[in-house]
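Some features that Swiss-Prot has for this protein:
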BINDING   THR13, ARG17, THR269, GLY313, GLY414, ASN418  ADP binding site
BINDING   THR13, THR14, SER15, THR269, GLY313, GLN317, GLY414  ATP binding site
BINDING   THR13, ARG83, GLU84, TYR135, ASP247  sn-glycerol 3-phosphate binding site
BINDING   ARG83, GLU84, TYR135, ASP247, GLN248  glycerol binding site
Amino acid sequence: MSEKYIVAIDQGTTSTRAIVFDHSGSIVSTGQLEHEQIFPRAGWVEHDPMEIWRNTREVIGQALSKADITRHDVEAVGITNQRETAVVWDRTTGKPVYNAIVWQDTRTQKIVDRLAADGGVERFKPTVGLPLATYFSGTKIVWILENVDGAREKAEAGELMFGTTDTWVLWNLTGGTDGGVHVTDVTNASRTLFMDLETLQWDDEILKAFDVPRSMLPEIKSSSEVYGQVESSSLLREVPIAGILGDQQAATFGQAAFDQGESKNTYGTGNFLIFNTGTDIIHSQNGLLTTLGYKLGDQEPHYALEGSIAVTGSLVQWMRDNLGLVSSAAEIETLAATVEDNGGVYFVPAFSGLFAPYWRSDARGALVGLTRYVNKGHIARAALEATAFQTREVLDAVNADSGVDLTELKVDGGMIANNLLMQFQADILGVPVVRPVVAETTALGAAYAAGLAVGFWKDLDDLRQNWQEDSRWTPDMDDAERERQLRLWKKAVTKTFDWVDDDVQ
């Protein structure tokens, strides 16, 4: 019998990838295309959904061709995606009525304020686990309905569909206007502000408060079941699509953090630390989000606490693209290594406000502690250290909420190739940092969810055996120095507050 594979589609913030995995969870081939980041105004971030769909089809072809396989060798397709990013499209034409509004976008602050006027930002938190914030999909849908000509009328008439990018890709992959499946999974639904964490269904009272017609919304399903088959014009025609997980939940799943008390931290455009709370819903007292971890078929859902950090890897991109301090993201480590320390400089990248644990939409970025002594090496180092400091603050919140101190941190994502950052991360946390052999845990998690649904993998134990340690960094900083640096970081964070006014965005 010839070997069989799983294809994972990873629709991310900066690119779309298709990755072919074998039974051991190893990567066989990858196809990848970046898409345009559209910034129409300060604080606005958009993607073109049609470009994302074109890229999805193309990267599938790239991956199959590189692996020298056809659809007959593929058992199932899994999808993982940038969460919260909202697409609204016409049910009849299949065309978006507006660009996708990206999770980092802050244009909906006035909508947040309006909804929070009655009950504060935690108005819906007991039901959905999330504060009112520009980050989540719900307010983005409202913005489109209120600002795109004819959108409200079409939505009321049942002519518009909403989805995060998993739903957009799934709908198109399964036929689009010709029988496309309009579904999302529990993890993505838990990021809209609309899903009841206990019933795992859309909450009609909340939809009424937002004035969003229920007819726009996809059906909520588990993270691991057959949703439909790929349509007939695709290179993957008739292959079942059998797994969907939001990117951070997918990375947790790919790290085999299946049990209560296990966690991972992903270093990507932003950083996302997820702590598995098992079948318990824990409402954070420390600025974390309560979210879905995963749900396999008809089994009980697993929940999680999440610390979301808006800007980490994208700070390095900004230094490359906007300042020209480095010509590639990888160069940041070399530049940072030209100095012994940060020279007293702290960089708080509150470009989209601050997410966990502060949730300050009025914050903006600040570079503090500058003197004539400081050079670009210090600034590069401060930019890397910002990622580690923000992670430490989120980990402190997780420890406080869970009552369990984490003993080591599993890491994944693009920035974990940066050894200087990983060592500083271990130093500032005071616990070891562990990198797995397969760093593409996001795509792997989606592959696992799909493979479980079709019997490609038997059970979670089967998946646990695939996880292997690649590298480990142990702390090498004394307690006094760690406390000094944390004190200065927290002082720097306070300097970013209260910047946004009516005439300052």
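In case you wondered, yes, glycine gets a Cβ from its N, Cα and C as well.
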Compare the C-alpha of TYR135 (sn-glycerol 3-phosphate binding site) with the C-alpha of each of the binding-site residues ARG17, GLY313, GLN317, and give the closest one. GLY313
How many Å lie between the Cα of ASN418 (ADP binding site) and the Cα of GLN317 (ATP binding site)? 14
Fill in the CA-CA distance, GLN317 (ATP binding site) to THR269 (ADP binding site), as an integer in Å. 9
Looking at the binding-site residues ARG17, ARG83, the one with the fewest other Cβ atoms inside 10 Å is ARG17
Using all protein chains in view, find how many other C-beta atoms are within 10 Å of the C-beta of GLN317 (ATP binding site). 16
Measuring Cα to Cα, tell me the gap between GLY414 (ADP binding site) and GLU84 (sn-glycerol 3-phosphate binding site) in whole angstrom. 20
Coarse DSSP state, helix versus strand versus coil, of ARG17 (ADP binding site): strand
For THR269 (ADP binding site), identify the closest of the binding-site residues THR14, SER15, ARG83, ASP247, judging by Cα separation. THR14
Which one is it, among the binding-site residues THR13, THR14, SER15, ARG17, GLY313, that lies nearest to GLU84 (sn-glycerol 3-phosphate binding site) by Cα separation? THR13
Could you check which of these binding-site residues, ARG17, ARG83, GLY313, sit within 10 Å of GLN248 (glycerol binding site), going Cα to Cα? ARG83
Which are the residues of the chain, THR13, THR14, SER15, THR269, GLY313, GLN317, GLY414 excluded, whose CB is within 8 A of where the CB atoms of the ATP site average out, their centroid? GLY12, GLY268, SER314
Below 8 Å Cβ to Cβ and six or more residues apart, same chain only. Which residues does that give for ASP247 (sn-glycerol 3-phosphate binding site)? ASP10, GLY12, THR80, ASN81, GLN82, ARG83, THR266, GLY268, PHE272, THR442
